[in-house]
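S.K.: Pasting a structure below so you can have a look.
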Amino acid sequence: MIDSSGQAYKKARRRYLKTTRNRNLDIEKDWTPFRAAEKHFKARFPPPDLTKVLDLATLDESRASEVTAGNWAGKPDAAPTRAFTTVSGSYGYTLPEIPGLILLPAFLCPEKQKELIKWSLVEHARRPNETNLDIHYLLPSEGIWNAYVRDGNTVIHPRQIETDAEYLKQDPGPRTLIDNIPANTSNFELFNNVSKPPTPPSSNVQPASCSDLLPRLRWANIGWSYHWGTKQYDFSKGKIPIHHTIRDLCKSAVQSVDWKGVFALDTSDWGPHGADWMYWDENYEPDAGIVNFYQTKDTLMAHVDRSEVCATSPLVSISLGNAAIFLIGGLTRETEPVPILLRSGDVVIMSGPACRRAYHGVPRILENTLSPHLADIVDEPDWSIFKNYMDSTRININVRQVFPKEFDPGLS
């Protein structure tokens, strides 16, 4: 893409010239700083400039082959950071302008990355964990990945609309964005009582083979069930236990941080119960989340996680596969976001009142950036089928704690 003599570059240039020929030159005046950043990094032409993107992997000589993969690289000093030593002796980083944001580069070794990729596809993207494909297709109980491995030509049939079922009402026309007020201990009962009927399956879906459906896998739920139609949790479905591998990993990431060094001087409003960071080492208990499966043309637009009653406890985000640009700003879209390049094995923690509900998003998956240790199949031929899928994929596992420890939601 960066090679101006390549076909991809020339194709992007032709498309850019065609789509911008009649564009209103004043259109950008209405963009918020966050929207402007999204547009910049989404652009296929001209390719986005990464000189202002924080790329901490460039500080680590052992990751040189990762940095050169795909020819995408940022700068280690693109944003002010403060380094600290984790419990294991590796380096972590905070960003003074976003208190509570923790970056743990290469927190996962290559073997652990492969383990989590396999877990995401083989063990997790299947019943009882709901995926985006379950809404529209009658998936086998073994899940789309295992069905694909068994026989990629197996045809999966659409789910039919049940005439007597109560579905979520959807207005015709463009989808309306849902902008809920933040959940808290005072309004939890109100949110919990909101009707959450299922989303109707599409009437336009056609039968498709496992090979065709696999690239359409976008998410798989973790723990408490999330209702996408209302952007709230549906606690009536109960909680599926968090797999011990993910639970232990997230707790380990949280316990690796010296939280006193992060928040000792923080004067933010932590809510009626005050700051609780001093108890996270013992009390942090992840109980909800999602596994996102991004293809290289996918994006995650600016949003805020408002559905958790606990607005300060850590959200742990794990990157696997191709690299991505992660944007994080402030409490409104008017704050210019900090762009951060995340590579496979990196872990991000969002915590505290200034960060946990900050706007964030992923405007770009960087193509051809699969880490060499994930692309190598010489010593592990069984990995080849995973490698082929990951060539164009980024997996993100993010897990959070829904309720503060002192709050009893009254769920049986």
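One is the number of the first residue shown, and numbering goes on along the chain from there.
Placement of Cβ uses the backbone N, Cα and C atoms for every residue, glycine included.
Per TrEMBL, Fe cation binding site is recorded for His303, Asp305, His360. According to TrEMBL, the feature domain 'Fe2OG dioxygenase' maps to 285-403.
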S.K.: Fewest other CB within 10 angstroms, which one of the binding-site residues His303, His360?
M.R.: His303
S.K.: With a radius of 8 angstroms around the mean position of the C-beta atoms of His303, Asp305, His360, what other residues of the same chain does the Fe cation site pick up?
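M.R.: So the extra residues in range turn out to be Ala302, Val304, Arg357, Ala358, Tyr359, Gly361.
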S.K.: Including all protein chains shown, what's the count of other C-beta atoms within 10 A of the C-beta of Asp305 (Fe cation binding site)?
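M.R.: So the number of other Cβ atoms within 10 Å of Asp305 (Fe cation binding site) is 18.
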S.K.: What is the number of residues in the domain 'Fe2OG dioxygenase' (285-403) that are helix, strand and coil, as DSSP sees it?
M.R.: 14 helix, 47 strand, 58 coil
